[in-house]
Amino acid sequence: MLSELSKLATFSPPTLTTNRSHSLLLFSLCKRFLSSSSSLSVPSHEHVVHLILEQKSASKALDTFKWAARVPSFTHSQSTYRALLHKLCTFRRFNIVKQLLDEMPHSVGFPPDEDIFLTIIRGLGRARMIRRVIEVLDVVAKFHKNPSLKILNSILDVLVKEDIDLARKFYRKKMMGNGVQGDDYTFGILMKGLCLTNRIADAFKLLQVLKSRGVKPNTVIYNTLLHSLCKNGKVGRARSLMIDIEEPNDVTFNILISGYCNERNLVQALVLLEKSFNAGFIPDVVTVTKVVEVLCNFGRVPEAVEMLERVESKGGMIDVVTYNTLIRGFCRIGKVKIGHHFLKEMERKGCLPNADTYNELIAGFCESRMWESALTMFNDMKTDGINWNFATFDTLIRGLFSGGRIDDGFKILELMEEAKGISMGRISPYNSVLYGLYKINLWDEAIDFLMKLEKLFPRTVDRSLTILGFCEEGAIEDARRVYDQMISEGGIPSVLIYDRLIHVFCQKGNVREALELVNEMVGCGYFPTPSTVNAVITEFCRQGKEGSGLKLLEDMIGRDFVPDIGSYSSLIEAFCKNSNFQQGLNLFLQMTGRGITPDLIVWRSLLLTFSRETSWLESKNLFHVKNLLKSIIAT
């Protein structure tokens, strides 16, 4: 045995012995011979193929190939040539390929086979050498061969991914021109190319051409067109096309159900889901998750649970993303405890939660003002071996500061800063701190905190202080200019910026601009304090646009805004001055119904109006209100 191995070692080429990694090749091969039940004197083609494919460069792969050729009684085969050609193509050494192909009839005894040419075509495709892919046909012809349909389809597939027009030309001239009509795979490739380039009309023409030639399009071809239609928002047309499919499969249903989900057409998504079940198909996990998401967005979370139970009963898959979507749905409707139940349920079923699962629950607990539960979830993550990420800190910090839990919020912020690499220069948590201080009217503390951020966010702090300075001076145009510059640079304004700009715009009479900023502010998740909302309402009233002021108040109340006396007094005064007594009285009753005590402005406005509206009061049987107001003011 040792003599055979030593005999084999004498054929190691010099280049192998000068390179340490190459010198190990022979040793590696010898070890394999010793552990193999095959002949000990000659390596198998499988061994040589494996060695070639293990090499990290084209030159080493070529040296290994040459070494094997020098082993006594070993002859290269189509498989070893194919392995070498694969490595050469991987490293774009196409200059050597032609030489190897020319020597194959002599060294192997046969010309290159189909798999050899397929390897070259795919290599050229990966290298995006599209024009040279077509030239492979000339190489095939050189060996007195007609290209197989598999070779033609492989070239067509490469062309389609890069240039659909070139692919169609290749099909017409090189395939149909030589009497090759193609098969299902050919037409599937063409359909894929047309759909990838959104040539829907041409895709339908191709479908008609197939039918006119008596070719029955397979389900894959139909599914490709269905997917493109749905991607382009033409789900209804895709649904109509489904009627033509003799044997729709699970992919067909997944495409259409997902398409309807993307359009938020819940009814049709559920109809097709039912058809899928009846046809014996179970939607894949991506489709199931989309249905869950749409159901939850419509507030139909219990139905989502029923649907998941049905999928599981039929052997369908549900993953952590599906559960996270369901948990988010429960949190949005204020049933975070039920969402927490599904955390335990997924663990029981062997579906391990991830950071997103905990983040959804933390957000839900914060939204429900269950701060202790949110903090418990945060601590449970560490106990359960799940790493905190930026979203974890960002969500909890925002929730705590928004809820007035300032001390707890600063503790979590400190933990985030201790965990290096978590925040990665993102300002969102720090803006949440400013928001929390702003909500409880700690304006000076908020400014101090902003200035401490200068080292972390120098440009943002500089822009912010500049804007605040211009607002203080009443230079609204300069403030707006710097604000726009900040936005264009990708900066995220803090609540302090929005608040000051809104107040200054109102002071300058630019109430529409102030309203736009209120909407931007709310869109960023910052809810203005009553003083900010009242400033806009007051300016609307001053300009005689009390209707717009009332609309703003109603809109903000609809978003859980808690008004104060300032929110109503300007409106009541304006409506009363403009003889809209009924609207003024309605606002007065709404205000007192909220437990807000009227101020002198409200009393005076109503009394002056009541003195002019005696007949109206009597007709509405509200005359006692006037007498009541008189007695209250008199006191």
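In case you wondered, yes, glycine gets a Cβ from its N, Cα and C as well.
Unlike curated records, TrEMBL annotations are generated automatically.
Given the structure is predicted, the values throughout are model-derived calculations rather than measurements.
Among the features that TrEMBL reports, repeat 'PPR' is placed at 183-217 (among others). Residues 149, 152-153, 156-157, 159-161, 164, 167-168, 171, 175, 224-225, 227-229, 232, 234 of the same chain, all 6+ positions outside the repeat 'PPR' (183-217), place their C-beta atoms under 8 angstroms from a C-beta of that stretch.
For the repeat 'PPR' (218-248), residue counts in helix, strand and coil come to 23 helix, 0 strand, 8 coil, using DSSP. What TrEMBL records for 218-248 (among others) is repeat 'PPR'.
Residues annotated as repeat 'PPR' in TrEMBL: 249-283 (among others). Mean pLDDT across the repeat 'PPR' (249-283) comes to 95 in this model.
If one looks beyond the repeat 'PPR' (319-353) by at least 6 residues along the same chain, the residues whose Cβ comes under 8 Å of a Cβ in the stretch are 285, 288-289, 292-293, 295-297, 299, 301, 304-305, 308, 360-361, 363-365, 367-368, 370, 373, 384, 386. Taken from TrEMBL, the feature repeat 'PPR' applies to 319-353 (among others).
Per TrEMBL, repeat 'PPR' is recorded for 354-388 (among others). Same-chain neighbours of the repeat 'PPR' (354-388): 320-321, 323-324, 327-328, 330-332, 334, 336, 339-340, 343, 346, 395-396, 398-400, 402-403, 405, 408, 412, 415, 419, 422, counting only residues six or more beyond its ends whose CB sits under 8 Å from a CB of the stretch.
As annotated by TrEMBL, repeat 'PPR' applies to 389-419 (among others).
Marked as repeat 'PPR' by TrEMBL: 494-528 (among others). Across the repeat 'PPR' (494-528), the DSSP tally of helix, strand and coil residues reads 26 helix, 0 strand, 9 coil.
Sequence-distant contacts of the repeat 'PPR' (529-563), counting only residues of its own chain at least 6 positions beyond either end whose CB sits under 8 Å from a CB of the stretch, comprise 438-439, 441, 499, 502-503, 506, 509, 511, 514-515, 518, 522, 570-571, 573-575, 578, 580, 583, 587, 591, 594, 596. Here TrEMBL flags 529-563 (among others) as repeat 'PPR'.
Look at TrEMBL and you will find 564-598 (among others) tagged as repeat 'PPR'.
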Tally of DSSP helical, extended and coil residues in the repeat 'PPR' (354-388): 26 helix, 0 strand, 9 coil
Chain residues outside the repeat 'PPR' (494-528) and at least six past its termini with a C-beta under 8 angstroms from it: 398, 431, 434-435, 438-439, 443, 446-447, 450, 464, 467-468, 471-472, 474, 476, 479-480, 483, 486, 535-536, 538-540, 543, 545, 548, 552, 556, 559-561
